[in-house]
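According to TrEMBL, the protein carries these features:
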| type | residues | note |
| --- | --- | --- |
| COMPBIAS | 303-313 | compositional bias 'Polar residues' |
| DOMAIN | 172-240 | domain 'Sphingomyelin synthase-like' |
| REGION | 292-313 | region 'Disordered' |
| TRANSMEM | 33-54 | transmembrane segment |
| TRANSMEM | 78-99 | transmembrane segment |
| TRANSMEM | 111-131 | transmembrane segment |
| TRANSMEM | 168-188 | transmembrane segment |
| TRANSMEM | 200-217 | transmembrane segment |
| TRANSMEM | 223-241 | transmembrane segment |
Amino acid sequence: MAVYIAREATKLWRKVCAEIAVELQLLFEKWRLLLAGLVFQYIHGLAARGVHYLHRPGPLLQDLGFMALPELGQDKGYVSESVFTFIFLSFLLWSFHPFIYHSKRFYTVLLWRRVLAFLVASQFLRIITFYSTQLPGPNYHCREGSKMATLPPPHNVLEVLLINFPRGVLFGCGDLIFSSHMIFTLVFVRTYHKYGSKRLIKILAWLMAIIQSLLIIASRKHYSVDVVVAWYTVNLVIFFIDNKLQEMPDRTNGSSLLPVTAKDKDGRTKEELHKLLNGNTVDSTDRRQRVQMNGKHGEDINHTLSDATPNGT
């Protein structure tokens with residue numbers, strides 16, 4: 001039993017190392033776009049912090065969702081956040097499963113490059129939208145009488161740039177249309193729907209997105225319009241950008257982005273590296289047979305050349 005565990009652990013470690021080598025090669029090529037996407041996440045947070053200075057509390061707007069859904073209450077606001085955290089972490093773990101699992105359909109670096117493109121485009125539209133018109137926030141800390149509903153003018157630039165993380169993110173006001181939580185949720189669900197392999201999980205993912213939408217409204221964190229606009233805007237953004245971007249290679253058919261003559265530092269060829277990526281070990285006997293065949297082939301060529309050479313030369 002111990003020998004079996006040790007052998008399987010060795011195979012897993014080789015597979016992880018081989019996958020890391022391939023992903024690092026892609027990361028060195030695509031790091032600029034990935035870094036730009038991550039930087040824009042900070043810019044999006046900075047914009048949301050800035051609109052809080054412009055927010056002015058007022059009476060709640062008439063909302064059909066508020067009429068239809070019972071209010072969860074301030075003490076149960078964590079419910080929607082818990083669902084969102086579950087969706088976020090589940091997608092994050094799934095995006096790195098090629099490092100461990102035998103079945104692989106995508107490269108993690110290329111997947112997150114695509115995801116960040118969807119997020120940046122949606123968040124850019126969101127920033128334009130919530131700066132165009134500031135609505136009175138429906139959340140409890142954004143209502144009239146709350147000390148956090150308005151922010152005093154900043155004392156210095158650093159106070160704005162630090163965005164009071166994480167409190168400034170959790171207790172922001174004014175960044176309503178459209179929901180940032182729904183941007184992440186829909187991008188993750190749409191991405192898994194395309195590149196995931198489990199039909200049941202796809203159905204559950206869409207069901208979780210619907211539940212998340214209802215919980216956001218029931219928690220009074222957004223108006224219904226914020227959620228509705230997110231549903232059609234994010235889906236349209238993904239549709240258009242997905243058609244513009246080059247499709248990722250499908251790894252289920254054995255395709256690879258490695259060059260044909262690629263060898264690692266141990267001298268492994270592309271074929272051997274593919275075996276490691278797929279969880280198969282490279283048999284040393286195969287390698288010896290390949291060397292012997294190459295040697296025999298070389299001898300046959302030498303004999304042929306010597307026979308073809310005229311005497312006396």
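Glycine residues also receive a Cβ, built from the backbone N, Cα and C atoms like all the rest.
TrEMBL does not curate its annotations; it predicts them automatically.
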Close approaches to the transmembrane segment (111-131) from elsewhere in its chain (Cβ under 8 angstroms; 6 or more beyond its ends): 30, 33-34, 36-38, 40-41, 44, 47-48, 51, 95, 174-178, 180, 183-184, 187-188, 190-191, 195, 229, 233-234, 237-238, 241-242, 245, 248
Same-chain residues at least 6 beyond the ends of the transmembrane segment (168-188) whose Cβ lies under 8 Å from its Cβ atoms: 44-45, 47-49, 51-52, 54-55, 57, 80, 84, 87-88, 91, 115, 118-119, 122-123, 126, 129-130, 133-135, 137, 139, 141-142, 148-150, 205, 208-209, 212-213, 216, 221-223, 225-227, 229-231, 233-235, 238
Long-range neighbours of the transmembrane segment (33-54), counting only residues six or more past its ends (CB under 8 A): 27, 109, 112-113, 116-117, 119-120, 123-124, 126-127, 130-131, 134, 151, 153-154, 160-161, 163-165, 168-169, 172-175, 180
For the domain 'Sphingomyelin synthase-like' (172-240), the mean pLDDT of the predicted model: 95
Residue distribution over DSSP helix, strand and coil in the domain 'Sphingomyelin synthase-like' (172-240): 53 helix, 0 strand, 16 coil
